[in-house]
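K.L.:
So Swiss-Prot has the following annotated:
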- 135-165, 174-209: FAD binding site (BINDING)
- 43-155: domain 'FAD-binding FR-type' (DOMAIN)
- 6-26: transmembrane segment (TRANSMEM)
Amino acid sequence: MEAFSGTPVVVAVAAVAATVLLLLLLRGAGRRPGRPVTLRDPQAKYPLPLVGKEEISHDTKKFRFGLPSPDHVLGLPVGQHVYLSAKINGNLVIRAYTPVSSDETKGYVDLIIKVYYKNVNPKFPEGGKMSQYLDSMKIGDVIDFRGPNGLLVYKGSGTFMIKPDKKSEAQRKFAKHLGVIAGGTGITPMLQLIRHITSDPKDSTKCYLLFANQTEKDILLRAELEDIAKRHPDQVRLWYTLDRPPQDWKYSSGFVTADMIKTHLPPPGGETLILMCGPPPMIQFACQPNLDKLGYPKSSTFSY
């Protein structure tokens, strides 16, 4: 009997060790090996330096911000956005933006932002506070990022988790058919989503994009959108509408209408989801009323 007296102790120690190892493995399962995440706390501010600025169109620029190291990723789930904040003329200004760079991108994050200059739009003579501030930043200047934020997260393979409001629990929504209406810079969260879907061979979600702009030169990221549609013709459909189209324009013209939605987006159904992002008047007076008219239930629509 003496020879076997230590067996229970050995077994107990082994069990504890196995449990600790399992807990460590589970704790690390959600982390990306070798990829430190920048946005670790959604309530914290992360000062990031401007490392590049590129003109995209007459009033739109791409701003590149450096992450803490060349190995860092931003850490932004698909469907979420970041907040940028800065003291401008003594006041704290906060704006939400969706990066156009992938969350697989290491070392930097790209934002495409339309700059609203002073004395251009008579309704807004002061222009955009944050966009003009960003435009005035010099390489090396720092601005605070905070996130992830947002009510929608795309989990992949057609599965969305959507919160009705900030205090509610997220509800699962499955969509085989994803209709997307974007206006102007509202294309950025849509590109993030479409890019993610088409980059996953296991994701068969079909995407239908209706993209509204004022003029042809205002169409942001057109080359990339058309390249994605060309490479995935069975999965991505792309259509435009312009307020002021050129003479040889082959797409639609004017505000988003019920006929455009009916023709170019998936019909109402249990596996259809419609996402919208753009100027509030477009959502309130063009998109939502026409979706209601066509019988899309509120549970199948979401506005960023």
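Cβ atoms are placed via backbone N, Cα and C, with glycine included.
Mind running through what each feature is packed against?
P.N.:
In the three-state DSSP reading, Ile162 (FAD binding site) counts as strand.
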K.L.:
I'd like the number of other C-beta atoms within 10 A of the C-beta of Thr188 (FAD binding site), please.
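P.N.:
23, counting other Cβ atoms within 10 Å of Thr188 (FAD binding site).
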K.L.:
Which of the three DSSP states, helix, strand or coil, fits Ile197 (FAD binding site)?
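P.N.:
The three-state answer is helix.
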K.L.:
Measuring CB to CB from Ile162 (FAD binding site), give everything in the same chain under 8 Å that is also at least six residues away in sequence.
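P.N.:
Sequence-distant Cβ neighbours: Leu151, Leu152, Val153, Ala170, Gln171, Lys173, Phe302.
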K.L.:
Including all protein chains displayed, how many Cβ atoms other than that of Lys206 (FAD binding site) lie within 10 Å of its Cβ?
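P.N.:
Total other Cβ atoms inside 10 Å, all chains included: 18.
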K.L.:
Run through the domain 'FAD-binding FR-type' (43-155) and tell me, per DSSP, how many residues are helix, strand and coil.
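P.N.:
The composition, in the requested order, is 8 helix, 54 strand, 51 coil.
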